[in-house]
Amino acid sequence: MASLHRALVGFLLVVLAAVSGAASKSFTITNNCQYTVWPGILSSAGSAGMDATGFALASGESRAMAVPSGWSGRLWGRTLCSTDAGTSRFSCVTGDCRSGKQDCAGGGAAPPATLAEFTMDGSGGMDFYDVSLVDGYNLPVLVAPQGAAAGGNCAPTGCMAELNGACPADLRVASAPGGVGAGVACKSACEAFGSAEYCCSGDHGNPSTCKPSPYSQFFKNACPRAYSYAYDDATSTFTCAGGDTTYAITFCPSTTRSEVAFEMGNLELCGRVHGRHEILDDVP
């Protein structure tokens, strides 16, 4: 009943924004995983806040949220969350925002975490968005714009592959301390090793000196549209023209060939997009 109430409130907020005559932006966040995901939301400094910064989504559940005009920030999924019986402190094995409760309350995602990043009504009135693996990966995410006005490179993006099982051993995060148990996340090379070469810092802090590494190529090969390192802009930033746009954000999107073709905008299965190929080798 509580989840139905939250969904109804989110829907009414979107409707009210549309009736007011202002351009209406919204998120529809869906958990298609076989387990509960706790979305976290962090607004950028100076941006209006969302009506919630963290909540639970059971498997198969969705939630609609109105997005303030000009909003910028990021959204991610937290997994394997629980509340300590002794301290009542809430925490998650992956994507934890370290607030001690379901609401992130200004806390960002502890890496590794798959991030969906947005800037609404930015330069030229465009919405900018991407899915980033620069801080590592913890679960598949798809962002698909719906109802956007014509203009920009307005297309679905994300990382639909399940990478935790295939993660290189030196980037792997296990479910239990000491590397014991199943893989539950995959670190970036920056997080794993901390070197300027992998973090694009110091002498490597510009596009000329910070280049893709074998580790970033692991992410890029699996998820060609997602950011794999800091200067991966050319193939990873997407834009939609201003207007009434809903961004459908799905955790664990479908991965059969027919579903991929549909969710990626009815593109050719070989992934011919804007003059380049994105081979969907990970799709059975």
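Each Cβ is built from the backbone N, Cα and C atoms, and glycine gets one as well.
Between CYS154 and the candidates CYS81, CYS240, CYS252, TrEMBL records the disulphide pairing with CYS240.
You'll find the Cα of CYS154 (disulfide bond) roughly 18 Å from the Cα of CYS223 (disulfide bond). The disulfide-bonded residues recorded for this entry are CYS81, CYS190, CYS199, CYS252, and the Cα of CYS252 lies nearest to that of CYS159 (disulfide bond). The disulfide-bonded residues CYS33, CYS154, CYS159, CYS167, CYS199 differ in how many other CB atoms lie within 10 Å of their CB, and the one with the most is CYS159. Here the C-alpha separation of CYS252 (disulfide bond) and CYS240 (disulfide bond) works out to 23 Å.
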